[in-house]
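J.: As annotated in TrEMBL:
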ACT_SITE  T165  active site, nucleophile
BINDING   R193, V194, G195, D196, T216, G217, D218, G219  substrate binding site
Amino acid sequence: TAWRVLESGGSELDAVERGCGQCEIDQCDGTVGYGGSPDESGETTLDAMIMDGNTMEVGAVADLRRVKNAIGVARKVIEYTKHTLLVGESASLFAVKMGFPYEDLTTQKSLSLYSEWLNQSCQPNYWKNVVPDSSQSCGPYKRPGKVTYKEEQTISKRSFHNHDTIGMVVVGVSGTVASGTSTNGAIHKIPGRVGDSPIAGAGSYADSTAGGAAATGDGDIMMRFLPSYQAVEYMRMGTDPTVACQKVISRIQKHAPEFFGAIICANTTGSYGAACNKISGFTQFHFMVSSPLLSQPTEQVVDCI
């Protein structure tokens, strides 16, 4: 969809918005758009961002409720405000002002995911150091009277889908770069949680003087390292896109060897690459490429490091 937008004369930002928006409609992998990844209260909420590598403008929404087209709302943040990131109920009110309809993001699929989770004593979840014991029961949780902190587990408990976000980098014919992301976030997240996807430099980053990058995976860990920004800076220094991606993954590995994650990178000449962290159940990363050199969108695969 993004490639068709470019071929018909649309801008790089148009391509990112339409491409990510298509994934929201298609509910890609169950982890993008409505009807997937219910939070701890059973509600699906959305995060998205879009970045213009010419002006360095970013539009983003997080914890967006009852509005399906998150990447579209993010684009309106650039076009109609001087802000960068809008969140929660207020982001939804902004979306309505911009002409987006309120719609229920819950489906039978998300309701069944939620009820299955409740039946499994709310396992896995994202709480720690609380009572009752979050590894064995549902809440409501509270702080214990006397706190004995357990070492934080950095192992991702989620099932390893190949992706949990749509991340996209678009390089135009003149080298103009745009990027974007859209996701419904970590399944069974604590309400209000925002991951890496809508954070500039974390979920994605674009700079038309260097390139663009987008990340997917365990956002709570990955966002601490601004991997997309770091990858673009490596490419600015002349580093090959594949190597730039690998260096970013290696940097996170030192602190969280068991994290689930991957990153794609493209420079202004159209060279591209990707890298992922090798863990049990996740040894390869698949991504799609469209370019003038390819007759059709082509799936690429990299081995994780």
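The chain as shown is numbered from 1 upward.
Note: Cβ is positioned from N, Cα and C throughout, glycine not excepted.
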J.: Hey, which of the binding-site residues D196, D218 is the loneliest by Cβ count within 10 Å?
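T.: D218, out of the binding-site residues D196, D218, has the fewest neighbouring Cβ atoms within 10 Å.
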J.: Given R193 (substrate binding site) and T165 (active site, nucleophile), what distance in Å do their CA atoms have, once rounded to a whole number?
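T.: R193 (substrate binding site) and T165 (active site, nucleophile) have their Cα atoms 15 Å apart.
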J.: Could you check the binding-site residues G195, G217, G219 and say which one's CB has the fewest neighbouring CB atoms inside 10 Å?
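T.: G195, out of the binding-site residues G195, G217, G219, has the fewest neighbouring Cβ atoms within 10 Å.
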J.: Among the recorded positions listed here (T165, R193, V194, T216), identify the one with the smallest other-Cβ count within 10 Å.
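T.: R193, out of the recorded positions T165, R193, V194, T216, has the fewest neighbouring Cβ atoms within 10 Å.
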J.: Distance between D196 (substrate binding site) and T165 (active site, nucleophile) at the Cα atoms, whole Å?
T.: 10
